[in-house]
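Quick look at what TrEMBL lists:
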type	residues	note
BINDING	B:Lys7, B:Tyr8, B:Gly9, B:Gly10, B:Thr172, B:Asp173, B:Tyr178, B:Arg183	ATP binding site
BINDING	B:Thr47, B:Glu74	substrate binding site
DOMAIN	B:263-346	domain 'ACT'
2 protein chains.
Amino acid sequence: MKIVVQKYGGTSVGSIDRIKNVANRIIKKKEEGYHIIVVVSAMGKNTDRLLDMAYEISKNPPKREVDMLISTGEQVSISLLSMTLNALGCDAISLTGPQVNIKTVGNHMKSKISDIDDTILRHHLKDNKVIIVAGFQGVNEHRDITTLGRGGSDTSAVAIASKLQCPCEIYTDVDGIYSTDPRLYSKAKKLDRISYEEMLEMASLGSGVMHGRAIELGQKYGIPIYVASSLEEKPGTIIKEVAQMMESTAITGMAIDNNDAIITLDYVPYSIQVISDIFSRLAKKDVNIDMISQTSPRDNSVSVSFTVPKIELKEAKEVLSYFESKYPEIRVNTKEDITKLSVVGIGMRSQSGVAAQIFALLAKENIEIDMVTTSEIKISYVINPENQQTAIKVIAEEFGL
Amino acid sequence: MKIVVQKYGGTSVGSIDRIKNVANRIIKKKEEGYHIIVVVSAMGKNTDRLLDMAYEISKNPPKREVDMLISTGEQVSISLLSMTLNALGCDAISLTGPQVNIKTVGNHMKSKISDIDDTILRHHLKDNKVIIVAGFQGVNEHRDITTLGRGGSDTSAVAIASKLQCPCEIYTDVDGIYSTDPRLYSKAKKLDRISYEEMLEMASLGSGVMHGRAIELGQKYGIPIYVASSLEEKPGTIIKEVAQMMESTAITGMAIDNNDAIITLDYVPYSIQVISDIFSRLAKKDVNIDMISQTSPRDNSVSVSFTVPKIELKEAKEVLSYFESKYPEIRVNTKEDITKLSVVGIGMRSQSGVAAQIFALLAKENIEIDMVTTSEIKISYVINPENQQTAIKVIAEEFGL
């Protein structure tokens, strides 16, 4: 039995007309001989509308009840898609997360899938029905309805594909994964394929196409994930194991992020206790630190720089004011106007000197670098936004992105 | 344990403010020492909005999928009410029909409750939580979500009260049951109490306060049903067993209906085959016949009169045109401008002569009667609408309604 899981996001099912478009795509796939399980999100801004009602009642509504509320969004879209398929003569059945028995653990609004009972799915597949499953939701041990948090529907789709050991197709409002943001670099290339690891780095860098959880799940169970447009008939990008790739280039993609600010602390006492205390207090306030760099000690003090999302800058400064009063010698500098440019590539593992190559490119253009951090398959640079376009251009041209 | 089931309809939970009003009423009842189960309908016009989407897709959407769709309406209102109670410091939990395990049988969109598993309800009652249950919905043997059709939430509430053997309170946008429509007779009296049987007759006459199914269920399990306003603090009406009533008057209530038309067939062949054929063909076209009267035969033909809803008059005439061509002697007359006035009262059983008494009243006012039908506890008269107000006044005064 040739099975495929397809996932359509909120924009793709945002109106009755769009739902009809999705239904026609499903029917086309079915005519190719596939048994199809479709995972759908809530229509357009429906989830936001429901959340607005909840927050009108309380600033901190019980999360169990929020899940009860927002899970209705997907229930609406699965029923409408099923009706549309049936109206077009295609036998279909809609199922909620609890009906599929998508078992979850953990807290409400950010539950994790622990297992899926495939009995019901296999039963309807045998009947040759298109199965429409509500994404983003499951059920916990108390039979409460749960939701999976950000990127939840992608995770539902990949989890079902993992259970059935079949490919997964994610249809969205972008037509694939690009070497860099096409809005910033018009000559950006769409990738035919990318490895799970590279995609994970791209996801964490905010390329925004797919959530990291779904990619991790695909990697764990070896499920190829195809990302393509739900509106256009263009080839998309496949995310799969690197071992399956014949060649690997040094750099696969480049991500640009303008949402962070950089904080530099000078004259910090050279003590792991102090440094550790700073970052644990920031963590307690839920400030997300991304890049961190620390200078070598000089006169028994160090400089520490790190990036934080601009929207968390206020919380970060509150934490730091505590240290300013405790250690009056500390100087805090913040710079909000920065560009974080990251290059990602599995090929970096085998090709040394990528960092040096980029330093040379930037030096030639006189682009100053505020901060650098590196990982096994990623290098991130903080530069001035005014140099962003030049940097993108020279790096993209050098590495053929 | 003092338990009570309260039901709030769509208007009562039509906005966040109204939901807050309902929450405050629940808290007040809890402070009186009650354990409370609350059954709620979908907010205001939410169900209609969902149905519009379904019918935009198909004129005849699969009913299973319609149930999947419209059951989200109650799921939204239970979660919002639970959030509101929790925000006011009252421990509450919302449960869908399937979560309560309200088992149903029969077709989608008009399922019947076969049983309720009270394990989960009793579990949460013991925890002293207010339990908010989605009305109008249940689950069938395939684990599909079902809905109960018209009056469904009232039925859910009375069914839960029946299972737990506790009283049921129905809060709605009217403040009780009146002896006759207060919009037609300003001096109409609100009844303190009414028997199930009388209420059933009133319900079928379209007094519109409660659906017959819920009343039948209350009668079967001996559950007193209290009907009152959700907006005002006024005493309402209790529906209970007649045996519990000390006295009974001849007439409890009077219902007025202007939605029917009268059809008279003259010169119909005096043959049960023909008469039977007429009514079975009307039934096949889903024409609802209410009153029927037939004259004695004369010259081997009879006259038959019956009332049908005005909106079904077209279908009825189509059926009758078949008989007009088959039996050219038949004459069909229709009269759309009629008033159906019905008096209901359990006391009629023991007090004879009510019909005669009303004939005399109408005769005194020169009000012609087009048709009369009687049952054990009800008499219906068809009169001209121009005489409606006079008839209401003289009957209400005579019987103290």
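Heads up, the Cβ atoms here are built off N, Cα and C, so glycines get one too.
All features noted in TrEMBL, drawn onto the structure.
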residue	record	Cβ neighbours (10 Å)
B:Lys7	ATP binding site	30
B:Tyr8	ATP binding site	28
B:Gly9	ATP binding site	21
B:Gly10	ATP binding site	24
B:Thr47	substrate binding site	20
B:Glu74	substrate binding site	32
B:Thr172	ATP binding site	23
B:Asp173	ATP binding site	13
B:Tyr178	ATP binding site	23
B:Arg183	ATP binding site	9
Task: Give the helix, strand or coil assignment DSSP yields for B:Thr47 (substrate binding site).
output: helix
- prompt: Could you give the Cα-Cα distance between B:Glu74 (substrate binding site) and B:Gly10 (ATP binding site), in whole Å?
  reply: 9
- line: Rounded Cα distance in angstrom between B:Lys7 (ATP binding site) and B:Thr47 (substrate binding site) is 17
- line: Confidence over the domain 'ACT' (B:263-346), expressed as mean pLDDT on the 0 to 100 scale, is 87
- request: Looking only at C-alpha atoms, tell me how far B:Asp173 (ATP binding site) is from B:Thr47 (substrate binding site), rounded to the nearest Å.
  value: 18
- prompt: Does DSSP give B:Gly10 (ATP binding site) helix, strand or coil?
  reply: coil
Task: Compute the C-alpha separation of B:Gly9 (ATP binding site) from B:Thr47 (substrate binding site), stating it in Å without decimals.
output: 12
- line: Spacing of the two Cα atoms, B:Arg183 (ATP binding site) and B:Thr47 (substrate binding site), in whole angstrom, works out to 28
Query: Could you give the Cα-Cα distance between B:Gly10 (ATP binding site) and B:Thr47 (substrate binding site), in whole Å?
result: 9
